[in-house]
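Engineer: Pasting in a structure now, in C-alpha cells, and then I'll have a few things to ask.
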Amino acid sequence: MARKLFIQTHGCQMNEYDSTRMVDLLESSHGLEPTDNPEEADVLLLNTCSIREKAQEKVFHQLGRWKKLKDAKPDMIIGVGGCVASQEGDAIRDRAPYVDVVFGPQTLHRLPGLITQAASTRELAIDVTFPEIEKFDNLPEPSVDGPSAFVSIMEGCSKYCTFCVVPYTRGEEVSRPVQPVLKEIQHLADMGVREVNLLGQNVNAYQGVGADGDTLDLADLIRLIRDIDGIDRIRYTTSHPVEFSEALIQVYEDVPELVSHLHLPVQSGSDRILAMMKRNHMVLEYKSKLRKLKRIRPDISFSSDFIIGFPGETDRDFEDTMNLIHDIGFDMSFSFIYSARPGTPAADLPDDVDMEVKKQRLAILQQRINQNVQDISRKMVGSTQRILVDGFSKKDPGQLKGRTENNRVVNFQCDDTDLIGKFVDVTIAKAYSNSLLGTDPRNPS
C-alpha cells in the first residue's frame with residue numbers, strides 16, 4: 001500500500017503554490033500519495049504563514065492536534081515549513097519537540113533529504129537557510145489540477161516595510177530566469193492549462209535574466225507569455241505601488257490576455273501612516289496610477305490590502321483611508337487589525353490604538369468594502385461575462401462553475417462536461433453574496 005502525504009497550508013497564494021510543488025516532489029522522491037485525511041497519513045506537513053500573530057499561534061495549536069496522531073503512529077513524520085519555520089525554528093523545537101522536520105520557503109526542494117534524515121536518526125532535521133533561487137532548479141515538472149495554475153516567478157521582498165516580516169522569512173527579492181519560467185508555463189499549457197497566475201511577494205519587481213543575458217521586467221515577461229499557445233488569460237499577484245511602472249501600465253493596452261482586475265495593496269489612505277510604514281509613496285501617486293489604468297481599461301476593477309490600527313493611527317488617518325476607498329471603489333479586499341511582528345521596526349513603536357477602536361474601524365471599513373462588492377456584483381447582472389469553466393458547482397452537481405476576470409465565481413446550469421477547461425460566454429442572471437448565477441453558455445473556446 002502506498003504511503004500517504006497530508007499537507008495543510010496557511011497564508012498566501014505563494015504558500016499554496018509551494019504546497020503543490022511539495023506534493024510533486026515527494027511523490028517523485030518517496031512515492032507519497034496525497035490524502036485529505038491526516039489520520040491516514042505517514043507524513044504530515046504544515047506550510048505556515050507568519051504575517052499575523054494569530055496565524056502563528058494557529059501553527060502550534062495544529063501541531064498539538066497532530067501530536068495525538070503521532071502518539072498513535074510513532075513512525076509518522078511531522079514537518080513544519082513556510083515563514084513560521086524560517087522565523088521560529090528554535091521556538092518550534094522548544095514548543096513542539098515531536099516535530100521531525102523544519103524547513104524554510106527557500107529549502108523545500110531539500111525536503112526529501114530532510115525526511116530521510118529524520119526517519120533514520122529520529123532527530124530533528126532542520127534547514128531554514130536562504131539559497132536564493134536554487135529550489136526551482138531541483139523541482140520536478142509541476143502537475144496540473146484544472147485549467148488554472150500558479151507559477152512562481154520570484155521570491156522574497158527587498159522593500160522592508162516597517163510592519164512586515166517577509167524580507168526576514170523569505171529573504172530579499174530574487175527573480176527566476178526567464179526561460180525556465182516560460183518552459184514551466186509551456187508545460188502547463190501542454191497539459192491543458194488556460195490561465196496562469198504569476199506569483200511573487202512583490203511580483204512587479206521581477207527582474208529576470210533573458211535568453212540573451214539581458215534583464216526583463218514583468219511587462220516584458222507578460223508579453224512573452226502572451227505568445228504561448230493555449231494561454232488565454234494572465235493574472236499576477238501581489239504588487240507594490242512603487243514599482244507599478246509605466247511599462248506595466250502600457251501592457252494593459254497591448255495584451256488583452258491580461259485580466260481587467262488588479263490587486264494593488266495600499267495598506268492605508270494616510271500619507272503620514274504610509275511614511276511610518278516606509279511604503280515610499282504617497283496616496284496621490286497611488287491614485288494617479290489607477291486613473292491611468294482606468295483610462296486604458298474603463299471596466300477594470302481594483303482590490304487592495306488594508307492594515308487597521310497601525311501605531312499612531314488617528315481618526316483623521318482612518319478617515320483618509322475611508323476617503324480613498326470611496327474614491328477608488330475597491331472590490332474584494334483584505335483587511336486586518338495591526339499586530340506587531342517580532343523583529344520588525346514597527347514592533348518598537350508604541351501600539352497606542354485601543355483595541356476596541358481598532359475593531360470599530362475594521363468593522364466600518366469591511367462594511368464599506370462589502371457594500372462595494374455587492375454593488376459591483378449587482379451591476380454585472382445582465383452583462384455577458386467570459387468565464388473559464390473549472391469544474392462542478394460545490395452546491396449543485398448539476399451546475400458547472402467558472403471565474404470571471406474580476407475573480408467572481410459563476411455557477412450555471414449545464415450538463416456538457418466538455419466545457420470544463422474552456423472559456424464560455426455566459427449572461428449573468430442573478431447576484432448572490434458570494435457568487436453569480438449565469439445562463440445561456442455559448443461561444444466555447
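Glycine residues also receive a Cβ, built from the backbone N, Cα and C atoms like all the rest.
For reference, Swiss-Prot lists these features for the protein:
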{"type": "BINDING", "residues": "CYS12, CYS49, CYS83", "note": "[4Fe-4S] cluster 1 binding site"}
{"type": "BINDING", "residues": "CYS157, CYS161, CYS164", "note": "[4Fe-4S] cluster 2 binding site"}
{"type": "DOMAIN", "residues": "3-120", "note": "domain 'MTTase N-terminal'"}
{"type": "DOMAIN", "residues": "143-375", "note": "domain 'Radical SAM core'"}
{"type": "DOMAIN", "residues": "378-442", "note": "domain 'TRAM'"}
Engineer: For CYS161 ([4Fe-4S] cluster 2 binding site), just give me the three-state DSSP call.
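Structural biologist: Reduced to three states, the DSSP call for CYS161 ([4Fe-4S] cluster 2 binding site) is coil.
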Engineer: Long-range neighbours only, meaning 6 or more apart in sequence with Cβ under 8 Å: which ones does CYS83 ([4Fe-4S] cluster 1 binding site) have?
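Structural biologist: Spatial neighbours, sequence-distant, of CYS83 ([4Fe-4S] cluster 1 binding site): GLY11, THR48, CYS49, SER50, ILE51, GLY104, PRO105, VAL165, VAL166, THR169, ARG170.
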Engineer: Could you tally the C-beta atoms, other than its own, that fall within 10 angstroms of the C-beta of CYS12 ([4Fe-4S] cluster 1 binding site)?
Structural biologist: 18
Engineer: Centre the Cβ atoms of CYS157, CYS161, CYS164, go out 8 Å, and tell me which other residues of that chain have a Cβ in range of the [4Fe-4S] cluster 2 site.
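Structural biologist: Apart from the listed residues, the neighbours are LYS159, TYR160, PHE163, VAL165, VAL166, PRO167, GLN201, ASN202.
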Engineer: Over the domain 'TRAM' (378-442), work out the mean pLDDT and round it to an integer.
Structural biologist: 95
Engineer: Using DSSP, what is the helix/strand/coil residue split across the domain 'TRAM' (378-442)?
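Structural biologist: Residue counts in helix, strand and coil order: 6 helix, 35 strand, 24 coil.
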Engineer: Between CYS157 ([4Fe-4S] cluster 2 binding site) and CYS12 ([4Fe-4S] cluster 1 binding site), what C-alpha distance do you get in Å?
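Structural biologist: Just about 14 Å between their Cα atoms.
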Engineer: Apart from CYS12, CYS49, CYS83, which residues in this chain have a Cβ no more than 8 Å from the mean position of the Cβ atoms of those residues at the [4Fe-4S] cluster 1 site?
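Structural biologist: Checked against the 8 Å cutoff, the neighbours are HIS10, GLY11, MET14, ASN15, THR48, SER50, ILE51, ALA55, GLY82, VAL84, THR169.
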Engineer: Within the domain 'MTTase N-terminal' (3-120), count helix residues (DSSP H, G, I), strand residues (E, B) and coil residues, in that order.
Structural biologist: 69 helix, 23 strand, 26 coil
Engineer: Can you count the other CB atoms that lie within 10 A of the CB of CYS157 ([4Fe-4S] cluster 2 binding site)?
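Structural biologist: By my count, 23.
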Engineer: Provide, as an integer number of angstrom, the distance between the C-alpha atoms of CYS12 ([4Fe-4S] cluster 1 binding site) and CYS161 ([4Fe-4S] cluster 2 binding site).
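Structural biologist: The separation of the Cα atoms works out to 18 Å.
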Engineer: Validating a neighbour-count step here. Other CB atoms within 10 A of the CB of CYS164 ([4Fe-4S] cluster 2 binding site): how many?
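Structural biologist: Looking across every protein chain shown, the total is 21.
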Engineer: For CYS161 ([4Fe-4S] cluster 2 binding site), which residues in the same chain are close in space, meaning a Cβ under 8 Å from its Cβ, but six or more apart along the sequence?
Structural biologist: GLN267, MET277, LYS278, ARG279
